[in-house]
Amino acid sequence: MGPLWLDVAGYELSAEDREILQHPTVGGVILFGRNYHDNQQLLALNKAIRQAAKRPILIGVDQEGGRVQRFREGFSRIPPAQYYARAENGVELAEQGGWLMAAELIAHDVDLSFAPVLDMGFACKAIGNRAFGEDVQTVLKHSSAFLRGMKAVGMATTGKHFPGHGAVIADSHLETPYDERETIAQDMAIFRAQIEAGVLDAMMPAHVVYPHYDAQPASGSSYWLKQVLREELGFKGIVFSDDLSMEGAAVMGGPVERSHQALVAGCDMILICNKREAAVEVLDNLPIMEVPQAEALLKKQQFSYSELKRLERWQQASANMQRLIEQFSE
């Protein structure tokens, strides 16, 4: 499979989608709420994606919970990460949440949810209650449980947004945030611990500039991705860029320049979402390359949604998540 992830417009593939999915540079499709009507339609779409690609291809979605849950009707509601630490049995619930989220996606032939968020703190507009907590131990304890749940059902895990997006106020979807702190050791401690525990299969860096360390956003910085992530922390998994269509990546130039910089800096795979012209421009200008190691991220199990829903574990987890949402929703 190639390094580029892109999106498709609707419930079914167009002729253009089918043609693009055969391009050797394409390695993944990221789905959005607009791609989901009901359970059977989603299964049919994912089957069509795999057939059109004619080779292994990754299918992913942002389904972490709370406001970032693309598939809702017909799926269990997953709470924002912040809620787990507020509950008495929060660690147990976080593991159930990770398992439930991953299991329901696998039952619909989705390989990945880009989760969990390992950022610390609730102040950032882009993160807010997507974070598990405001201190290292709270984030570590609850994210570790969520990761255990995902792995138990056979979904690869993605830590984000390295080396920490939680301390900036600005939203990297809309602008490039600058983290002016002289040290981000506390934020880094979370990523370091999860890498050492061997529970992260992939990593997604932040479109954030940390000027005391490097002038480039982490997503396009060889300092962060090669020197720190690979060499210092010893991370061996896949590195995804965050969506290169986000304004946070604009300092790296146009679509081709952003893609080239991210790949040269150390990203293995790059995402270009909601801008088909930009994705095609990148396909036309990037040299063809393979990312065979990314096949390790394909889902590890196969089962139907009806089989899943018959499990007592599913019934219990789904009910518990709904109760948690009702308990803490404002």
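Note that Cβ sites are derived from N, Cα and C of the backbone, with glycine treated the same way.
Annotation source Swiss-Prot lists active site, proton donor/acceptor at His173, citing sequence analysis. Marked as active site, nucleophile by Swiss-Prot: Asp242. The substrate binding site feature in Swiss-Prot is assigned to Asp62, Arg70, Arg130, Lys160, His161. What Swiss-Prot records for Asp171 is site 'Important for catalytic activity'.
Shown on the structure are the features that Swiss-Prot records.
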residue : record                 : contacts (Cβ under 8 Å, 6+ apart)
Asp62   : substrate binding site : Ile30, Val68, Gln69, Arg70, Ser113, Phe114, Ala115
Arg130  : substrate binding site : Glu64, Gly66, Arg67, Val68, Pro80, Ala81, Gln82, Val117, Asp119
Lys160  : substrate binding site : Phe114, Ala115, Pro116, Val117, Leu118, Asp119, Met203, Met204, Pro205, Ala206, Asp242
His161  : substrate binding site : Val117, Leu118, Asp119, Met204, Pro205, Ala206, His207, Val208, Ala218, Asp242
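The substrate site in the record is lined by Asp62, Arg70, Arg130, Lys160, His161, and its two most distant CA atoms lie 19 Å apart. Fewest Cβ neighbours within 10 Å among the recorded positions Arg70, Asp242: that distinction goes to Arg70. In the three-state DSSP scheme, Arg130 (substrate binding site) is classed as helix.
Mapped onto three states, the DSSP output places Lys160 (substrate binding site) in strand.
Classification of Arg70 (substrate binding site) by DSSP places it in coil, neither helical nor stranded.
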